[in-house]
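Worksheet: one structure, shown below.
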Amino acid sequence: MPPKKAAAAEKKTLLGRPSNNLKIGIVGVPNVGKSSFFNALSETDLGKAANFPYATINPEEARIPVPDARFEWLCDIYKPVSRVPAFLTCIDIAGLTAGASTGAGLGNAFLSHVRAVDGIFQMVRAFDDAEVIHVEGDVDPIRDMEIIQTELRLKDIEWVEKALDNLKRSGRSLGSNSLADKAKKEEIATVEKILKVLTVENKDIRKADWSNKEIDVVNGLQLLTAKPVTYLVNLSEKDYVRKKNKWLAKIKAWIDTNNPGDPLIPFSVSLEERLATMSPEEKKEEEAKVGATSALPKITQAGYSSLDLIRYFTCGPDEVRAWTIRKGTKAPQAAGVIHSDFENKFVCGEIMAYEDLKEHGSEAAVKAAGKLRQQGKPYEMVDGDIAYWKSGA
């Protein structure tokens, strides 16, 4: 008898909403530079940058283009009439203070706004400035990070306890025979595990190991600590340029201890604000003069990646466009991002890799090299694919 084939490894379900239209929120205690950062990022003055807590109450939203050298190269090759890059949707959220989980300050509104986003840019202030008051009286980024972590966890604990209570109440009459009863018991066990992670292990939900079945339960609860976090450390321009700051090593050590693996990006809002008002030529000149470059492209890309987003391209003389999808998206669903008919009447996709087009120089040459592939419904999209979809009438 031939040996049994090894079972394919189970594909990991992603934490978070199964959507391509994901949003990232800028979170932090008041007066750490969130709105000024949002303004520089979106090159607008939508955020209310003011020197007092709660200057932002209703969150502002902006779509920020994601920098991509591949997209620029494709535009140079195809010279299209229209160019549409990938976008990251970014939300400026009001400052969070200690006690927010119990409704202090703008606590309840703030936490509902955080619940509505899919990922977090956590802004941390590591600069001293007598002109910009700090809600806690002095600058201490470690305390600020602990306040936010504590408040998000406390709110999650409250929601999980409520969900567990409801499940147990409705599960009192459960037998052990039916599949539905077994599934309900499994759900209760998973919610108990979630509560243990938060209260006993003192971990954020995204840092625990979950099976695919458990992730389905976690996703249903929409927990705050399940969202990916990118830490942004706001330095003075001087510290950013010289790459030195008394807090950076301590912040890195705190992240490594509490949330290992979360990215940390130092930058300077005051530099970004100045650069945002300049033309591209002036910006390059200024960056060369001060000896440091804008961190916004790196931050935007980090936010996009933290949400497990990738992009594919459609290219032609009319338009070169980047389409955002989540990792693991199959070809029909990727086509459906353009129009639901493309998914419903999907036939196949003609796919080439960006690297192959770059290597061979033209579509005809890619085809001649046998690198243009016809892919059917099971095909999982790869970041940088260039696709032409075929759908039925």
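Using N, Cα and C of the backbone, Cβ positions are placed for all residues, glycine too.
Across the domain 'OBG-type G' (22-287), mean pLDDT in this model comes to 84. Marked as domain 'OBG-type G' by TrEMBL: 22-287.
Residues annotated as ATP binding site in TrEMBL: N31, V32, G33, K34, S35, S36, L235.
Under the heading domain 'TGS', TrEMBL lists 308-391.
Highest Cβ count within 10 Å among the binding-site residues N31, S35, S36: S35.
A sphere of 10 angstroms centred on the C-beta of V32 (ATP binding site) encloses 28 other C-beta atoms. Taking every pair among N31, V32, G33, K34, S35, S36, L235, the residues listed as contacting ATP, the largest Cα to Cα separation comes to 15 Å. Per DSSP, the domain 'TGS' (308-391) is made up of 24 helix, 35 strand, 25 coil.
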